[in-house]
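Visitor: From Swiss-Prot, here are the annotated features:
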DOMAIN    5-70  domain 'J'
ZN_FING   139-217  zinc finger
REPEAT    152-159  repeat 'CXXCXGXG motif'
BINDING   Cys152, Cys155, Cys205, Cys208  Zn(2+) 1 binding site
REPEAT    169-176  repeat 'CXXCXGXG motif'
BINDING   Cys169, Cys172, Cys191, Cys194  Zn(2+) 2 binding site
REPEAT    191-198  repeat 'CXXCXGXG motif'
REPEAT    205-212  repeat 'CXXCXGXG motif'
Amino acid sequence: MAKRDYYEVLGVGKNASDDEIKKAYRKLAMKHHPDRNPDNKEAEEKFKEVKEAYEMLSDPEKKAAYDQYGHAGVDPNMAGGFGGGGFGGGGFAEAFGDIFGDIFGQAAGGGRRGGGPQAYRGADLRYSMEISLEQAAHGHEAQIRVPHWDDCEHCHGNGAEPGSSVETCPTCNGVGQVRVSQGFFTMQQTCPKCHGSGKFIPKPCTKCHGQGKLKSQKTLEVKIPAGIDEGMRIRSSGNGEPGINGGPPGDLYVEVHIKQHPVFERDGDDLHCQMPISFATAALGGDIEVPTLGGRASFPVPEGTQAGKTFRLRGKGIKGVRSGYPGDLYVHVNVETPVKLTEAQKDILRQFDRSVHEGGSRHSPQEQSWLDKVKSFFS
């Protein structure tokens, strides 16, 4: 099935700002998150689709490639495999650089220049980490296990079985490239025998199979800054896959996801919570205590507070990871109707209700207004 347009997936226009893209992602990610939709395959697929779209459109290099070439610019499995849009391969420009390099004397877009095997940067790695809202607000240090490549001790990293040697590739004479004529064009392609290394190993190492490296695991310390938000990434330079032909290693990107909180819902640097209050407190007013990520806080509820009233506690949100300023806490009060009343309590409420209605609109202005509208509707 053809992939949907990334902008369409997030529901934004092609000229959407970074903030608009991020806001759309956060809203959809929370809607389709597996934690909120257990055993829902459709929601899981939508979450993956939204996540992929955000990964592409939040990265300037990938976004530029996608805007120019569509999915072919960022998907190595499309359009003949024009690299990974900045992750692994050299991308669209490098592919055409190999084709026209012989004509123009250099590879387009900063590709290979001159003879010798071409060095490639290693692919980037991604690690998904889930943390609590408290850890996101206050910062967190964690240890993670990630893939690591060590030089093979058996062959000391050269890829050849001990007692044998690494030879110059006979097909490309150590250049790593071969020339192929097609009509009027002479194209340079990666050597099919040595895969661009310029070397040939007659007897590959029996431990690493000629790779010179063995995959293992290593522990990394990850420092998550206070205020980090859903979907943000932390880069660890040089901890990706090793480079090819002496190229630099890729980077490791730790993508942070925040668990759903039982009390708070996050909106940027602001927090929202639903606070039930008693009928008496709503009518008479009083001080109520609410939880915050920094402890407890209290604020006055005025008498006559209606259900759905929102109170703003400034500075009780999350300190922004970029701005350094704390957001606010919005408390949405819900007036709770008492249940399982005794007969004595019911009698008191009936007496109270009669006294309120005797006062008319003075005590229940909203009810009286609604009744007036109903009367005018039927008159």
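Easy rule for this one: first residue shown is 1, then count along the chain.
Backbone N, Cα and C atoms are what each Cβ position is placed from, and that goes for glycine too.
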Visitor: By the DSSP assignment reduced to helix, strand and coil, which category contains Cys152 (Zn(2+) 1 binding site)?
Guide: coil
Visitor: Which one is it, among the binding-site residues Cys152, Cys155, Cys205, Cys208, that lies nearest to Cys169 (Zn(2+) 2 binding site) by Cα separation?
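Guide: Out of the listed candidates, the nearest Cα belongs to Cys205.
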Visitor: Reported in the order helix, strand, coil, what are the DSSP residue counts of the zinc finger (139-217)?
Guide: 0 helix, 35 strand, 44 coil
Visitor: Taking 152-159, 169-176, 205-212 as candidates, which has the most Cβ pairs under 8 Å with the repeat 'CXXCXGXG motif' (191-198)?
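Guide: The stretch I would name here is 169-176.
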Visitor: Any idea what the model's mean pLDDT is for the repeat 'CXXCXGXG motif' (205-212)?
Guide: 91
Visitor: When you measure from the Cβ of Cys191 (Zn(2+) 2 binding site), how many other Cβ atoms are you left with inside 10 Å?
Guide: 21
Visitor: If we count other C-beta atoms within 10 Å, could you say which of the binding-site residues Cys155, Cys194, Cys208 has the fewest?
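Guide: Minimum Cβ neighbour count within 10 Å, taken over the binding-site residues Cys155, Cys194, Cys208, occurs at Cys208.
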Visitor: Taking the recorded Zn(2+) 1 site as Cys152, Cys155, Cys205, Cys208, identify the other residues of that chain whose CB atom sits within 8 Å of the mean position of the site's CB atoms, giving them in sequence order.
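Guide: These residues sit around the Zn(2+) 1 site: Glu153, His154, His156, Gly157, Asn158, Gly159, Ala160, Glu161, Pro204, Thr206, Lys207, His209, Gly210, Gln211, Gly212, Lys213, Leu214.
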Visitor: I need the CA-to-CA distance for Cys205 (Zn(2+) 1 binding site) versus Cys194 (Zn(2+) 2 binding site), whole Å please.
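Guide: With the alpha carbons as reference points, the distance is 15 Å.
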Visitor: Measuring Cα to Cα, how far is Cys155 (Zn(2+) 1 binding site) from Cys194 (Zn(2+) 2 binding site) in Å?
Guide: 18
